[in-house]
Amino acid sequence: MSNYQENIKYLIQRPKTPVIKPPMHRSMFNSSIRREFKLNKGCHQTMGYAEVKVNEPSEFLKKKSKKVIRPFIENTKTSTKNPVQCSCYPNKPSPKKKNSRNFLRENIVDVVRKVPPLPKHRVQDSRDGHTIVLDESGLEPLYVLKKDFGKLPLYIENIFKKKETVRQKEVERIQAIKPPMRHLPKEERYVLLTGLKANWAELNKQFLLLPILTDSVTKVNRKTNLENQLRNLEKDIDLLERYSNLYVCEENA
């Protein structure tokens with residue numbers, strides 16, 4: 001029924017709304033490109049292109065058809081009596097020396113005296129007769145049989161010797177300037193002894209303040225560390241008290 005119904009509002013034609021298009025994109029280089037195109041447009045209008053005569057199909061390029069123009073040289077006859085004077089040749093030709101050496105005889109003597117070559121060490125690795133020369137293939141251990149195999153090269157030994165001599169000279173120079181050992185005086189020995197005892201007393205006080213129960217890893221480590229420090233200090237104090245004459249080593253020696 002809807003197809004046969006009419007409506008009055010569709011009888012009046014409505015004006016069509018114009019479609020507004022966005023402005024066309026123009027490149028910023030448009031004017032410069034047009035200007036450059038017009039500049040080179042008529043570059044051949046005055047003289048035109050170069051006209052080159054094209055060869056006919058029958059006149060294709062053949063061998064020795066190019067004309068080579070060589071420089072003109074005047075023919076001058078030279079003779080052995082009056083040779084051309086040149087800086088590279090002497091005024092008179094040197095006479096040829098006759099060689100009295102007999103090369104044929106020398107070659108025959110060399111061949112007769114030559115030692116025959118030894119047969120090569122070959123190994124057949126297939127039933128078809130394929131052979132391998134072991135000396136040339138690298139399968140034969142030849143380098144192992146050398147006298148200097150596994151030894152330090154001579155040039156490296158020389159480098160080590162030079163370094164050792166330089167180090168020894170430096171040590172001797174330092175020892176000559178200042179001796180490495182010196183006698184410990186009584187005043188310095190007394191100062192060291194009092195300082196070590198004071199350190200031992202301080203560490204002993206810390207050791208006595210430790211808890212009786214060592215139930216953790218940190219407590220065990222702290223106790224063992226203090227025991228080691230106390231033991232080392234007791235050894236040093238005993239050494240200073242036992243010996244009156246002591247020699248100490250310099251720090252820079």
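Just so it is clear, glycine is given a Cβ too, placed from its N, Cα and C backbone atoms.
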Quiz prompt | Of the residue ranges 76-103, 104-131, 160-187, 216-243, the one that TrEMBL records as coiled coil | solution = 216-243
Quiz item: Across the domain 'Enkurin' (156-248), what does the pLDDT come to on average, as a whole number?
Solution: 89
